[in-house]
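Right, one structure below, let's go through it.
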Amino acid sequence: MNTVFNQEILDKKPERLGDYQENYTHASAQLKKLIKSYFIRSEYLTQNTKGFFKAHELIAKFSPTLTYHMSVHFNLFAGTIISLGSDEQKEKYIEEANNGTLGCFALTEHDAGVFSGMKLKTKAEYNSKKNTFILNGSKNWISLGISAKYGIIIANLIFNKENKGPHGFIIDLSLPGVERKYVAQKACLQGLDNAQLFFNNVEIPNDALLSKYTKIENKEYIKDDDYSFLKIANRLQSGRICIGSGAIAITESTLNNLIKYTLTKKITISKDRYVYMEELPIIKNKFNEFKAKINKLNNFKEYVQDKYILELNQPSKYILDLIATLKFYSTYECCDILHQSRKIIGSYGLSHDSNLIPSHDSLYSLLVVEGDNNLLAQKIVKDYLKNIYKSFWTLIIELLLGNFTKVYLVLFIMFRLKMSKDKLKEWVTLNESIFKLALILCQEKVNKF
């Protein structure tokens with residue numbers, strides 16, 4: 001890995017609201033420059049995973065948009081090919097990815113996004129007469145969806161009128177029947193070209209199916225026993241690590257910039273006397289609190305990354321829980337840190353030099369990608385409640401330890417679910433309590449580091 005990031009190869013041009021085409025054209029050109037500098041390569045995912053994560057953290061401090069571009073191109077696009085592609089597919093597409101040909105990953109659909117879970121409607125129906133697939137459906141909010149040449153499309157494979165479930169297909173997005181539209185203007189990450197993709201009877205070849213575990217050969221559907229949708233979903237796990245790690249890096253960089261400002265900003269307290277802003281109790285105490293939080297998050301992040309690397313091919317439930325905690329808690333805490341910073345730093349927070357507003361806005365977007373934080377909160381709490389049902393003594397111990405708020409939330413959620421006739425609807429209405437409990441559970445984990 002080229003561990004030295006030369007900022008001179010990139011042009012940090014401010015993203016301007018309204019100039020969306022100019023913004024994403026510039027951002028994708030920056031990504032291509034970064035790729036050609038050999039700073040990061042697709043094979044780092046498996047051969048230098050720690051370096052892969054560190055590259056995202058380093059670029060996050062330079063440009064949140066660019067680090068997300070990197071994650072989409074290398075982790076979601078190239079990483080899925082490495083995980084699910086045949087040797088021939090890897091040889092062709094990974095080489096192109098490393099040479100600057102951009103790719104995207106299309107999973108999210110209308111009414112089936114990060115907030116509503118996995119409900120695929122897009123389908124690829126096998127045509128035995130022509131040995132091809134006919135792709136129909138649409139995707140929504142696909143990052144790099146305009147700039148990418150290739151896309152990995154997650155669709156239900158229909159074989160002999162039977163739904164074989166979600167599969168990955170790699171297609172050229174310039175094929176007839178593919179339409180791309182830029183998503184309505186966003187308030188942040190202007191350089192990230194989120195797109196709607198529409199597929200109208202798009203004919204794709206048999207070899208478009210990512211075929212390490214599944215293939216259609218001699219007009220027969222063949223599936224390896226090891227294949228399941230989790231093979232696709234595992235790509236989201238490393239993506240969540242990148243998101244959580246990037247959020248910490250963005251926040252730490254922005255906070256250091258604010259602290260540097262307070263060291264030189266003079267506050268007049270009388271006609272001929274002044275103090276530096278960093279001496280003000282509200283500034284000193286809050287920034288010390290923020291630095292302590294960032295330090296704990298960094299320690300936890302390092303632990304999660306190292307554990308994930310040890311179980312790269314098939315992460316255990318323990319690792320998956322750690323990853324969910326990292327993504328959920330780091331994005332939430334980092335958003336909160338910059339939100340509080342905006343309230344105390346004064347007019348400097350409005351300046352371009354502070355980078356506070358674009359950083360804060362970018363962090364808000366990280367709350368909803370790679371699994372919306374509300375869904376991750378539900379996962380975290382569901383897993384915890386399963387353990388409580390197995391051993392109620394856990395709550396007794398929590399009471400003895402003085403964790404009264406935690407115990408109250410657990411009992412409140414359990415009681416409401418037990419008394420409700422429609423438990424699914426009740427679970428939805430309990431979202432606020434579930435989110436609060438998830439924060440407590442995650443804070444306990446992170447505070448151990």
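First residue shown is number 1, and so on along the chain.
Any Cβ shown, glycine's included, is placed from N, Cα and C.
Note that the structure is a prediction, hence the values are computed from the model and not measured.
Mapped onto DSSP helix, strand and coil, the domain 'Acyl-coenzyme A oxidase N-terminal' (4-100) counts 71 helix, 0 strand, 26 coil. Summarising the annotation, TrEMBL assigns domain 'Acyl-coenzyme A oxidase N-terminal' to 4-100.
Marked as domain 'Acyl-CoA oxidase/dehydrogenase middle' by TrEMBL: 104-202. Within the model, the domain 'Acyl-CoA oxidase/dehydrogenase middle' (104-202) carries an average pLDDT of 90.
Outside the transmembrane segment (392-415), and at least 6 residues removed from its termini, the chain residues within Cβ reach (under 8 Å) are 381, 384-385, 430, 433-434, 436-437, 440-441. Per TrEMBL, the feature transmembrane segment maps to 392-415.
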| query | What is the three-state DSSP composition of the domain 'Acyl-CoA oxidase/dehydrogenase middle' (104-202), stated as helix, strand and coil residue counts? | reply | 0 helix, 55 strand, 44 coil
